[in-house]
Amino acid sequence: MSKEFDVVVIGAGPGGYVAAIRAAQLGKKVACVDSWVDESGKPKPGGTCTNVGCIPSKALLQSSEHYEHAKEGFKEHGIEVSSVKMKIDQFLARKNTVVQQNNDGILFLFKKNKIDFFSGRASFDGKADNGRYKIAVEGKDNAELTAEHVIIATGSEPRALPGVEFDEKQILSNTGALDIPAVPKRLGVIGAGVIGLELGSVWRRLGAEVTVLEGMPKFLTVADEGVAKEAAKIYKKQGLEIEVGAKVGGVKKTAKHVTVSYENAKGEAQTLEVDKLIVSIGRVPTTEGLNAESVGLKMDERGFIEVDDNCQTNLANVWAVGDVVRGPMLAHKAESEGVAVAERIAGEHGQVNYNTIPSVLYTSPEISWVGKNEQQLKEEGRKYKVGQFPFLANGRARALGDTNGFVKVIACADTDEVLGVHIIGPQASELIAEAVAIMEFKGAAEDIGRICHAHPTLSEALKEAALGVDKRSVNF
Ligand code: FAD
Ligand code: NAI
């Protein structure tokens, strides 16, 4: 006997579980199916984000930052710590506890919202006579579901280098990189993107010599050039070796080492010998096992499920959100799409503003941005004004002892509308929220400058940068 639902959500990552909750809040009868389980077969909803992404990486970033502060950072405050010991087992155990709390939290939310959760792999199984989609679940739970609407939120998985398989012991994806049992002496990273920089930072702080090989000729091309330059300078000072323009040729492993052969930016043949290698060169959408062909679901040439601006696929009442569709692979983008789709299904006007999705790198210093950067505006030929304010001139940053970086506000030269905000410095991940709100309301640099910001706070740096757009910063 099949079980009937208004909405079946496939995948319980941030896209899927949030879509399921919003649909249930709007009165729909909802099921959510997810295949992630631990070694004992226990369900672990939350997807990449909760299990091997956002949450565990931030837990380890926090522990490693505490360790580095205890070793180096307290001295200037007059605190002497005679011996600092690292218990890597405890780091990993704490990280696993944080993950488990999030898994349990999602199961609790499913119950609270009366969502039927199925643990297993879901696949399309054709259509029932009444036109509803049939979804087969295989795994811990085996079931046949039918649904009027299906939301696909199956996420993504790490991209491997051609011919170089992840063994998660020596050649690591993000999964293995979050679970290294002892600090490697030499750690190699291929790809100086978000994962490479965040996880490279974790292991550097804990004592590994980290070398990052980046294929592009420039560093961090996704960020504003000024921010990327500042970041490269600071990471170098911290001891993170980053080599750009590296063309990786092959990877060989022996019982103890991994050797990467590559051509450097000058075209010279090089080798890098390391104890462990993280490969973080992007992610690919997960569609395997969905049996999408059976219903004629369209993919694009890169394997993403094809959707329109409303996350509607080529099939009526089949939607797709998050990493499995175009756009940035970010948890908050997946969540926003999940909410919007649930609202559209319920006849409301779900909306996602793709121009105001913030990006954050949780390294030290943190980096965040929203909107356009200078390179993009130049390419578009738009006239703009820039205000920049260094944290060195911010009282709170000085009191914290964390004065690296700056805030840059870019505004339209004619209208003063904020077009982009770029931050490198303490708490950049939190500070960006104000910029997102201002841009959502199409605010001007002058609006930020006129808002009363508490003193002494880091947020005053955003206000000062906004005033700087018209060359009237007060403290710089
Ligand atoms: P996922 O989270 O990948 O979830 C998909 C779920 O669907 C999984 O549980 C999967 O098992 C399940 N599934 C797949 N196929 C099926 C099937 N056929 N049947 C049933 N279930 C299925 N983003 C941020 O915004 N901030 C961060 O700080 C951040 N840090 C990250 C750190 C790392 C190391 C990594 C790897 C990623 C990070 N991300 C971060 C990206 C973020 O994790 C993803 O953008 C987000 O998880 C995407 O959500 P999703 O719901 O689309 O897919
Ligand atoms: P990424 O796209 O951020 O970076 C990949 C890097 O690898 C790029 O700089 C690229 O030029 C480089 N590269 C690609 N192929 C290469 C090759 N063959 N040799 C050398 N360099 C190569 O991808 P990453 O770091 O794997 O992360 C995947 C996704 O996960 C990101 O796109 C991001 O959306 C998400 N994520 C988000 C985080 C956050 O929001 N803080 C943290 C971690 C991941």
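Just so it is clear, glycine is given a Cβ too, placed from its N, Cα and C backbone atoms.
Take the NAD(+) site that TrEMBL assigns to Gly191, Ala192, Gly193, Val194, Ile195, Gly196, Leu197, Glu198, Glu214: the candidate from Gly120, Gly126, Gly282 listed for it is Gly282. Counted with DSSP, the domain 'Pyridine nucleotide-disulphide oxidoreductase dimerisation' (357-466) comes out as 43 helix, 33 strand, 34 coil. When Cα-Cα distances from Gly155 (FAD binding site) are compared across the recorded positions Cys49, Cys54, Gly191, Ile195, Leu197, the shortest belongs to Cys49. If you count neighbouring Cβ atoms within 10 Å for each of the binding-site residues Glu214, Asp323, the highest count belongs to Asp323.
Annotated NAD(+) site Gly191, Ala192, Gly193, Val194, Ile195, Gly196, Leu197, Glu198, Glu214, Gly282; additional same-chain residues within 8 Å of its Cβ mean position, judged by their own Cβ, are Val189, Gly200, Val212, Ser280, Ile281.
Pairwise Cα distances among Lys58, Thr154, Gly155, Ser156, Asp323, Met329, Leu330, Ala331, His332, the recorded FAD-binding residues, top out at 22 Å. Proximity to ligand 2 (Cβ under 6 Å from any of its atoms) holds for these recorded positions out of Cys54, Lys58, Gly193: Gly193. Between the farthest pair of Cα atoms in the NAD(+) binding residues (Gly191, Ala192, Gly193, Val194, Ile195, Gly196, Leu197, Glu198, Glu214, Gly282), the distance is 14 Å.
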